[in-house]
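Per TrEMBL, these features apply:
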- Asp243: active site, proton acceptor (ACT_SITE)
- Asn10, Ile11, Asp12, Gly38, Lys39, Gly40, Leu41, Asn42, Glu136, Asp243: substrate binding site (BINDING)
- Asn179, Thr211, Leu212, Gly213, Gln214, Asp215, Gly216, Gly242, Asp243: ATP binding site (BINDING)
- 2-285: domain 'Carbohydrate kinase PfkB' (DOMAIN)
Amino acid sequence: MKVLNVGSLNIDHTYQLERIVAPGETITSKQMSVYAGGKGLNQSIAIARAGIEVYHAGKIGIDGQFLIELCNDSGVNSTFIETGVIPTGNAIIQVTSQGQNSIILYPGANRSLDKAWIDKVLTEFSKGDILLLQNEVNLIDYLIIEGKKKGMNIFLNPSPYDEYIDKCDLSLVNTFLMNEVEGAQITGCYDPECILTRMKNLYPQAKVVLTLGQDGVYFQDKEQRVYQPARTVKAVDTTGAGDTFTGYYIAAVIEGKSAIEALTFATNAAALAVMKAGAANAIPKRHDVEKY
Ligand code: RIB
């Protein structure tokens, strides 16, 4: 079984602030750092650092060559990362001293995928392989349909939620990995019980992983619902913690761990990620997660 992640690769500009800037306000940052990021890239790196082979597919500009190097150094197969003339996607991230963040995304090359390129990438994958998607690249509606036609197992992190998610046939998704904000946007519900019940009614075949930050995480499928509390840690930077969770969760599923084992493994990885600044660089290696 192979894992293909068609996802974003970003250059993150992270600004340290006492608090998130308010409308009309100017505040001075204490520090600015440039990190590798993008929900897609972060999730591929998390899967690779958990010890599972993953192919990342996406587009970058000349300015993003260091992202390919990072993939190669982290064990992510970068064969399907293409360099074009459109600049690499980027993010402006404000991080407060409490570790909270706020992100502005500019998609750049991430939204320049075309159907012919997708078809070519998908020829290398087949029935039973995993197709992981987030919503920072274009054509995820097409990817879901074409991946499903091949019999691939579709994992969707519908983040960030926008009108592109509404264009997708979500009944083709095998596993949703989402937080309470995306859960509310998809279902119109504001509490976990309602989100999970509505998801079951809307997509009865799908597995749902609903992360609630400090309030833990739920897993639900046709037979069961399980809950795992979060670990209490001093957050330095929560950027990429959800991506770390997603990557480690998928790695655990591939290894055949039970739902509760997978949630625990992924929760521990995400807890380590929030204790370090940055996105991709903050994703822990497997032996550190196991020790923790
Ligand atoms: O999930 C965190 C990521 O969201 C950041 O790395 C940023 O690039 C945005 O895509």
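Backbone N, Cα and C atoms are what each Cβ position is placed from, and that goes for glycine too.
Note: TrEMBL annotation is automatic and uncurated.
What TrEMBL annotates, mapped onto the structure for a quick look.
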{"residue": "Asn10", "record": "substrate binding site", "contacts (Cβ under 8 Å, 6+ apart)": "Ala36, Gly37, Gly38, Leu41, Thr88, Gly89, Asn90, Ala91, Leu105, Asn110, Glu136"}
{"residue": "Asp12", "record": "substrate binding site", "contacts (Cβ under 8 Å, 6+ apart)": "Val34, Tyr35, Ala36, Gly37, Gly38, Asn90, Ala91, Ile93, Thr239, Gly278, Ala279"}
{"residue": "Lys39", "record": "substrate binding site", "contacts (Cβ under 8 Å, 6+ apart)": "Gly7, Ser8, Gln134, Glu136, Asn157, Ser159, Gly242, Asp243"}
{"residue": "Asn179", "record": "ATP binding site", "contacts (Cβ under 8 Å, 6+ apart)": "Ser159, Leu210, Thr211, Leu212, Gly213, Gly242"}
{"residue": "Gln214", "record": "ATP binding site", "contacts (Cβ under 8 Å, 6+ apart)": "Ala230, Thr232"}
{"residue": "Gly216", "record": "ATP binding site", "contacts (Cβ under 8 Å, 6+ apart)": "Tyr227, Gln228, Pro229, Ala230, Thr267"}
Using DSSP reduced to three states, classify Glu136 (substrate binding site) as helix, strand or coil.
-> coil
Can you tell me which of Leu41, Asn179, Leu212, Gln214, Gly216, our binding-site residues, come within under 6 Å of ligand 1 at the Cβ?
-> none
Candidate with sparsest Cβ neighbourhood (10 Å radius) among Leu41, Leu212, the listed binding-site residues = Leu212
Once the DSSP letters are reduced so that anything not helix or strand counts as coil, what is Asp12 (substrate binding site)?
-> strand
If you count Cβ atoms within 10 Å of the Cβ of Glu136 (substrate binding site), leaving out that atom itself, what do you get?
-> 25
